[in-house]
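Feature annotations, courtesy of Swiss-Prot:
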BINDING   559, 568  [4Fe-4S] cluster binding site
BINDING   654  chlorophyll a B1 binding site
BINDING   662, 670  chlorophyll a B3 binding site
BINDING   671  phylloquinone binding site
TRANSMEM  46-69  transmembrane segment
TRANSMEM  135-158  transmembrane segment
TRANSMEM  175-199  transmembrane segment
TRANSMEM  273-291  transmembrane segment
TRANSMEM  330-353  transmembrane segment
TRANSMEM  369-395  transmembrane segment
TRANSMEM  417-439  transmembrane segment
TRANSMEM  517-535  transmembrane segment
TRANSMEM  575-596  transmembrane segment
TRANSMEM  643-665  transmembrane segment
TRANSMEM  707-727  transmembrane segment
């Protein structure tokens, strides 16, 4: 007899109902719970899967390069990045009638194509690619790399090549290699590419495989490096009149600290970027030699942690016990990694638009909007995952004995204070912000907009002024020509930075007013409420006053029956489930704010945001409704245009989103009865009754229905907004 899915759990494989399939999918990646799993095998499986993950990423990027080289217009775009629309790939669709074929034959193509809004053209252009041949070479290189990583993943699953558990637990060696090897060395390699290939290309000199060993990236060669005369590499930078991609106005510097932006491309100076990566490389390569391995020199992380113990004893045992706890818990490690990655992804979103690194990308408004929204959404999900795995750590891996009176134990002991403070902050922010919005909404509706309560964000304006914004008249730090901060920075990044921040042409520290003040506090409400739910879920995961033995029930459980009233909805998984709704709510407000404010800046119509963003109807009417009109007209009685694909996606996103509620607002018994009626009808219908099934159909469990509902809600939510965002921006700016 063939073994049934799932092979990793004999219990589930023998389940006679459709529960087998659902629970099989739900626990497929929960390796710890699989039959016969040992700790060593667990680490080996996860390690091997990393190679597969990298192979998929390289294959994906290889596909991007290949399709742009084959079907795109990279060479034409490179000649005129500001006016040619970049093509992602061709569309072959047998459903297209003549109207659709005409509508999607765009961007200078001779047949239907998709326009690229990912920014890859700008990236490849900035790093020195100019021809389709360059793209094909990159594609083939990544394809080979992908195959190598797949082989490495397979190899590390073979008995002879499986690392031992002690190898995985050797934290110091891993840190050294990851810091120096992965971060440090790769940053150094990237600096090398920028200096040897990208910067010469930006100055009109092509460097390829044929001449890169004979072309000096700097006229002085390596002499200044070996003589310690490093400042030579910063002398003679590109001038303000430099035409990117040509020798006109170009300098010879390779490592600079000019500050501000290249006047023509409105992107960071390539020589500044190279300098930044070199600095990162040096720091991380040094950091990768800090930790003690079998040579007996350097820091021991365990000793460092155990030394973190305030002498007066006011904070208990400090960090004692953390080394073993962290080193023995994959969930703890994953939670910290996800928290860090979530923060850095959100920072990427903020910096991509305020300090664009790629040439001419600042003028491709749809791409800027897409990249901001994309990174902010991803950051949202990753941060939620950090708390989910933090909660799983506390349930499965936390040992109260090993952590007696240390920082972890003390956080758990005063969790009530933490949770109640978060609750108070959320209530305060929610009632005050909503109160202001509703008040303003009412007085505007009654025709007396002058009665609005409008609060200037003076503290935020002060922070902007400290960074050099002169608009507000605060005489502080960089906004004061005579301050110590200004004097200290004058020789390096200052004049250029001040020009950029005050020019009105960049997205650096946009002017802010009462509308920004209100939406900032709405976002703060969303962030604090999401955090409250996630923190409470994790801190109560092991037990609460209501259910002291909660940890024995695992990460997700529906209820402990009617005998213990009120134990439904209190598992750590339920907290994660609820938090994702709040997180989506918050990222919605963040992206609405960013998009509307920037739309008005790009259109030269900032007054619209300033006047309409202070009351609710302004957001609904002047942002959502007004900007959806072009999108909704993608199809109309007169035919179709190139927004129709987004129009369709907008409708489809709403459908998926609404379907989510069918799973979220439902009760098991109803579905069970319905299923049994359908089965009855099926068995009595000719033809239909020829097909039978081995699994007895049963309704989804409470937790399953929630995860299916949440998945539909989430996917529908961001498909709807993605279509709105891209169509409303592209409809205005192409």
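Just so you know, glycine gets a Cβ as well, placed from its N, Cα and C.
Recorded features from Swiss-Prot, shown on the structure.
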residue: 559; record: [4Fe-4S] cluster binding site; Cβ neighbours (10 Å): 16
residue: 568; record: [4Fe-4S] cluster binding site; Cβ neighbours (10 Å): 15
residue: 654; record: chlorophyll a B1 binding site; Cβ neighbours (10 Å): 15
residue: 662; record: chlorophyll a B3 binding site; Cβ neighbours (10 Å): 13
residue: 670; record: chlorophyll a B3 binding site; Cβ neighbours (10 Å): 10
residue: 671; record: phylloquinone binding site; Cβ neighbours (10 Å): 17
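Here the transmembrane segment (575-596) has long-range neighbours at 353, 369, 372-373, 376-377, 380-381, 383-384, 387-388, 391, 516, 519, 522-523, 526-527, 529-530, 533-534, 536-538, 540, 609, 613, 619, 623-624, 627, 706-707, 710, 713-714, 717-718, 721, 725, 728-729, meaning same-chain residues at least 6 beyond its ends whose C-beta is under 8 angstroms from one of its own.
Distance noted between the C-alpha atoms of residue 670 (chlorophyll a B3 binding site) and residue 568 ([4Fe-4S] cluster binding site) is 19 Å. By number of Cβ pairs under 8 Å, the transmembrane segment (330-353) is matched best by 369-395 from the list 175-199, 369-395, 417-439, 643-665.
Residues 100, 103-104, 628, 630-635, 700, 705-706, 708-724, 726-727, 730-731 of the same chain sit 6 or more residues outside the transmembrane segment (643-665) yet have a Cβ under 8 Å from a Cβ within it. Between the CA atoms of the residue listed as 'chlorophyll a B1 binding site' and residue 662 (chlorophyll a B3 binding site) there is a gap of 13 Å, rounded to the nearest whole number. When the stretches 46-69, 175-199, 369-395, 417-439 are ranked by Cβ pairs under 8 Å to the transmembrane segment (135-158), first place goes to 46-69. Within the chain carrying the transmembrane segment (417-439), a Cβ under 8 angstroms from the stretch's Cβ atoms is held by residues 411, 452-453, 455, 518, 521-522, 524-525, 528-529, 531-532, 535-536, 539-540, 614-616, all 6 or more beyond its ends.
Residue 671 (phylloquinone binding site) sits 20 Å from residue 568 ([4Fe-4S] cluster binding site), counting Cα to Cα. In this structure, the C-alpha atom of residue 568 ([4Fe-4S] cluster binding site) lies 20 angstrom from that of residue 662 (chlorophyll a B3 binding site). If you measure from the Cα atom of residue 559 ([4Fe-4S] cluster binding site) to that of residue 662 (chlorophyll a B3 binding site), you get 21 Å.
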